[in-house]
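Asks: There's a structure below that I have some questions on.
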Amino acid sequence: MHFRTATTGVASKSMRNELNRLVNTVSDYAMKKPFDAEMQSFFYLFTRYLAERAESHELDWDKISSPAADQIVPYDNLKGSSSPQILNKLAVLKVNGGLGTSMGMTGAKSALEVKDDMTFLDLTVRQIEHLNTTHQVDVPLILMTSFNTHEDTLRIIKKYANQQLRITTFNQSRYPRIFKETLLPCPQSAEDDKSKWYPPGHGDLYNALVHSGVLDQLLAEGKEYLFVSNSDNLGAVVDDKILQYMMDSGAEFIMEVTDKTKADVKGGTIIDYEGSIRLLEIAQVPSEHVEDFKAIRKFKIFNTNNLWINLKALKRIMEGEGMDLDIIVNPKVTDDGQAVIQLETAAGAAIKHFKNAHGINVPRSRFLPVKSCSDLLLIKSDIYSLEHGQLVINPNRLFGTTPVIKLGDHFKKIAQFQKRFKKIPKIIELDHLTVTGDVYFGRNVTLRGTVIVVANEGQRIDIPDGCVLENRLLSGNLTMTEL
């Protein structure tokens with residue numbers, strides 16, 4: 001114990017010296033001051049990490065229980081809103097810092113075309129503009145970018161200049177990656193390459209709202225509530241029923257949760273911890289309890305990251321004790337093979353800081369993220385159509401659920417995905433699709449029931465134009481002319 005405490009002091013002092021040196025690499029005073037403030041915030045997070053590590057600060061698994069009935073409200077219990085004019089008190093924030101690297105993208109993920117030649121950002125703008133013009137209200141859109149997506153985003157939003165919508169962008173923090181061995185920062189100067197830095201997760205939202213001046217700007221405009229969601233969640237549309245409920249109940253923070261399925265076992269969940277409401281992420285779960293965490297029996301719901309926040313309450317908290325959000329340690333390996341760590345936080349963890357905070361169990365339709373090309377195929381398909389930028393499920397779909405789609409590694413990157421589908425198949429009657437290996441789809445292909453296509457190593461399957469596959473398993477080396 002003494003050894004750990006002693007090394008904590010040394011690591012803290014060494015980091016402090018290195019950060020001071022980093023700040024001194026900025027010669028322009030106007031740039032130096034905000035950079036210094038950012039490094040102070042990072043240092044605070046780092047010292048908390050050291051302290052927690054020294055104390056082996058872990059949740060006591062035996063004190064964790066499922067949330068109490070009054071901590072989760074069913075969406076069906078909400079009443080309609082009294083008047084659309086309540087929307088004048090609302091602002092919408094999209095977390096827009098993601099690059100989509102897992103899908104082989106290099107720019108802002110929100111610039112990906114997802115439906116009818118429209119991007120994530122196009123759909124969000126269309127939704128809010130429709131809201132503003134239909135109800136004669138003024139709901140502004142705020143985009144929190146990261147240093148990875150900021151320039152991209154500024155370029156993209158120029159095309160919305162004539163829309164009935166005000167767009168504000170602000171940049172979240174840029175923190176230095178830490179070498180795992182030495183616990184020292186990777187960058188040697190403030191100008192160092194992007195790969196030496198990281199955006200510290202969406203939990204940085206609260207700090208960044210304060211430091212950018214956006215929180216004060218919203219309050220000055222008379223905005224009282226903020227609806228936050230990820231830019232790649234196409235189900236996260238403004239819902240005045242939730243807003244009305246928030247106003248009536250006096251809840252300062254609401255997290256939208258939805259029922260877990262087998263696909264969501266890693267999603268963060270609301271727990272009751274010694275009588276208070278908390279968010280538990282899989283990264284915080286001791287390894288011996290990971291299977292318990294994934295089990296649907298104990299934790300039936302998960303966090304959609306659609307959050308509703310009372311702005312006056314946020315101001316009070318940030319001016320008072322501030323927010324110590326649970327630290328998530330994200331290990332990474334640099335391009336040259338060095339082990340580094342990123343200290344991150346999750347926005348939903350703020351739930352423990354607000355009064356009367358709780359969850360609302362919303363329909364699955366409010367959680368439609370696009371994290372992979374399998375998700376993208378579903379969104380692009382005839383299962384959904386668009387109404388004013390909002391995804392609507394096709395009335396001809398006989399089941400309430402959407403099909404399960406699993407595309408293999410050959411479809412992992414966007415460029416490959418686009419090359420392998422000449423046109424998106426018709427899947428209105430599909431239950432399950434699994435595709436692995438070197439497979440290509442022609443135009444006007446129809447898939448029904450359960451379809452499994454397996455091209456083994458060194459083989460290729462071409463599914464021809466106009467082909468109908470119903471409850472079929474295809475494997476081997478096929479250039480199909482007829483079935």
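Residue positions begin at 1 at the first shown residue.
Each residue, glycine too, has its Cβ placed from N, Cα and C.
Note that this is a predicted model, so its numbers are computed, not measured.
Straight out of TrEMBL:
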BINDING   Lys109, Gln172, Gly201, Asp232, Lys371  UTP binding site
BINDING   His202  substrate binding site
Asks: Just how spread out is the UTP site if you go by the largest Cα to Cα distance in Å among Lys109, Gln172, Gly201, Asp232, Lys371?
Replies: 21
Asks: Given the binding-site residues Lys109, Gln172, Lys371, which lie within 10 A of His202 (substrate binding site) by CA-CA distance?
Replies: Gln172
Asks: Given a separation of at least six residues and a C-beta threshold under 8 Å, show me what packs close to Lys371 (UTP binding site) in the same chain.
Replies: Ser102, Asp232
Asks: CB neighbours of His202 (substrate binding site) within 10 A?
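Replies: Result for His202 (substrate binding site): 24 other Cβ atoms within 10 Å.
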Asks: I'd like the number of other C-beta atoms within 10 A of the C-beta of Gly201 (UTP binding site), please.
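Replies: Cβ-Cβ neighbours of Gly201 (UTP binding site) within 10 Å number 24.
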Asks: My understanding is the cutoff is Cβ-Cβ under 8 Å with a sequence separation of 6 or more in the same chain; which residues meet that for Gln172 (UTP binding site)?
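Replies: In sequence order, Gly97, Met144, Thr145, Ser146, Pro199, Pro200, Asp204, Leu205, Ala208 meet the Cβ cut-off.
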Asks: Within 10 angstroms of the C-beta of Lys109 (UTP binding site), what count of other C-beta atoms is obtained when all protein chains are considered?
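Replies: 25, counting other Cβ atoms within 10 Å of Lys109 (UTP binding site).
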